[in-house]
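Database features (TrEMBL):
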- B:18-38: transmembrane segment (TRANSMEM)
- B:19-437: domain 'DUF112' (DOMAIN)
- B:45-70: transmembrane segment (TRANSMEM)
- B:111-139: transmembrane segment (TRANSMEM)
- B:146-162: transmembrane segment (TRANSMEM)
- B:168-186: transmembrane segment (TRANSMEM)
- B:257-280: transmembrane segment (TRANSMEM)
- B:314-340: transmembrane segment (TRANSMEM)
- B:360-380: transmembrane segment (TRANSMEM)
- B:469-489: transmembrane segment (TRANSMEM)
Amino acid sequence: MTSPAGGAHVPGGPGGSTAAGATPQARPGVPPVEPAAEEFDLEEAIHQVEAEEHEGRPPAAGLLGNLVVAVAVVALGVAAVVGSLALDAGSARSPEAGTWPLVLSVVVVVLGLALVATARRTTDAERFSRTSWLVLAGLATMVVFVALISVIGFEIPAALLAFVWLRFLGHESWRTSVVTSLAMVVAFYLVFVAALSVPIPHLF
Amino acid sequence: MDLAPVLDGFGVVLEPTNLLYCLIGVVVGMLVGVLPGLGPAATIAILLPITIGIEPVTAIIMLAGIFYGAQYGGTITSVLLRLPGEASSVVTVFDGHALARNGRAGTALGIAAVGSFIGGTVSIVALSFVAPLVAGFALDFGPPEYTALALLGILLVATVSSGDRLKAVIAACVGLLLATVGRDGFTGAERFTFDNLSLADGLDFVPIAMGLFGLGEILYNLEERHRAVHAPATVANVWPSRKDLRESSGAIGRGSVLGFFLGILPGGGATLGSLASYALEKRRSKTPERFGRGAVEGVAAPESANNAAATSSFIPLLTLGIPANATMAVIYGALLIQGVSPGPQLVDQEPELFWGVVNSMYVGNILLLIMSIPLVGLFVKILRVRSTILAPITVLITLIGVYTVNYDVFDIALVIVFGALGYLMKKLGFDPGPLVLAFVLGSLLEDSLRRSLLLFSGDPTGFFTRPISGTLLVLFLLVALLPLIRAALPRRRGNARRSARSPENKELV
């Protein structure tokens, strides 16, 4: 059972999204039915709301992308099998440190192979597009933050991170970005250093 | 049933600190429900560090408030903007937004608030009676029962999670593997630590939850094209009329009961409850054609049900120690950090915590009802806060917050790694929920499994010689094998039109 492209993206819902069971087949060719149409179909309507919510998302990944993901899962499983065997696999009678990890990693390999087999029908992975660079940039600011915090304290890396996110990832104006990022650092300084006296590395 | 601990629980709730944290919890929850982007699981994960310095009962009261508060908040965006903030509010969109287009947004929001309040309250009362019974039943569970229960719980959550079931189960297995990192409790062997001292004690729950749910979601949202939000300027006449209340009273009642029962099931929860109750109302209605065009019952039923389900999903956590969904998994983690291990002994050993948290929900629901009707206008204004400004604030709170747990820079690095993983998972269709859930249950599961195998002298069929573990494992196998059997059978239903009830039936398998 595969779910439609929209299915995977309901933001952080408790207990899972409605899409998984509600719309078992992706029907890309079928135009969504207006909810106020003659006959109101719950399933179609849910599908439509979710599709609308994910309008701004990149398109679904192709066969190659799905295969790469599936192979990566298999590779992860194989690596875990090797690691578990190195730990002493034991047996059911005398379970050792490696027994449980071995069981799990074999399951991962099997399920990964199932992913390879169903790659053609998978529609819930997204393509990496030009906007994915934004994510990489966002991650880079965090890596810079963690690399510098022990050396020069949190203030400058935090201001830098906030500025990049506001100006370049969020397209705020230069003035808003500068003022807001400085204000944020001051606020964080007051809360964490002045009020809570958290021993976080800081300059001042 | 002994009432003394229940009443003591009210004493705990009415302590000023606890009242304050309850208020903070429901306000934050409501905000999170209104603001697009972060869900309740992510918010609770990001706020984990601040729970460390406070009393366990106070901390859980606040986190619980965020969870059920988000159910109220999600309604506002569903009705006004046709954007369900939470998965459990998706069905509210149809009739809620139709009502809003007819100039009756106030009615929809008012009925939703009343329904949520009644659903939540009915569910708390039922919980107060059911939870001690379940806990009493589970008291003599041994390792085999826990093995089977944990396996079934994880599988059910993976099965009904968003997205591909196969991928969700893979995520769960990876979560279980991550839980094995560190020193093995039985043999003392170092597992998957790569000689890194920081990994010797295992991976911490906080950076994993904060990274996968919090940072992962923020990074994922970066790729979205920003949409302009057109919130209506005013919402008039929020108080529901007598006629509206009369029309929806049946829907609220049925929604509350249905939500309560579906919420107890692992993996069920608020989303399933709201869907099922909407379908039920539509089927029962003499005028089903009104649904989707602004039927008041179509708002009342799912909103009552999702609140009832949110409340009752605490039952498996507090009585069995098995979280029923991703948000409960984070609350489970919060309890573990506080040194409280949830399970059947909780009601007897920590009555103040148990009844304090349960009874705080009455107070929280009253606070939410008070806030949601008169303050709707204020929450509508909050919709205008730009996510581009919220995102860096959330990132910094996460990075600095995770440091405050152990004062260790390694944790910041870890949260970034798991943030990247969370982004990739969401991007590629793997729900991070089952991973986190499996991670928190990982050591319990491995422990119970190894003890059971020793008990049965290495014979796995021993599980089936005990009635409870046997039944649970048979259920586990059924749920696991059903998709295979279904795939093997010729596809007869193909493009046949499915009835409106089919989503519910399918999700229940």
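The backbone N, Cα and C atoms fix where each Cβ goes, glycine too.
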Cβ pairs under 8 Å between the transmembrane segment (B:45-70) and the transmembrane segment (B:360-380), at least three: yes
Contact yes or no, the transmembrane segment (B:146-162) and the transmembrane segment (B:314-340), 3+ Cβ pairs under 8 Å, gap 6+: yes
Segment confidence, the domain 'DUF112' (B:19-437), expressed as mean pLDDT: 88
Positions whose Cβ lies under 8 angstroms from the transmembrane segment (B:360-380), at least six residues beyond its ends: 12-13, 18-19, 22-23, 25-27, 30-31, 34, 61, 64-65, 68-69, 72-73, 76, 80, 106, 109-110, 113-114, 116-117, 120-121, 124, 231-232, 234-235, 238-239, 307, 311
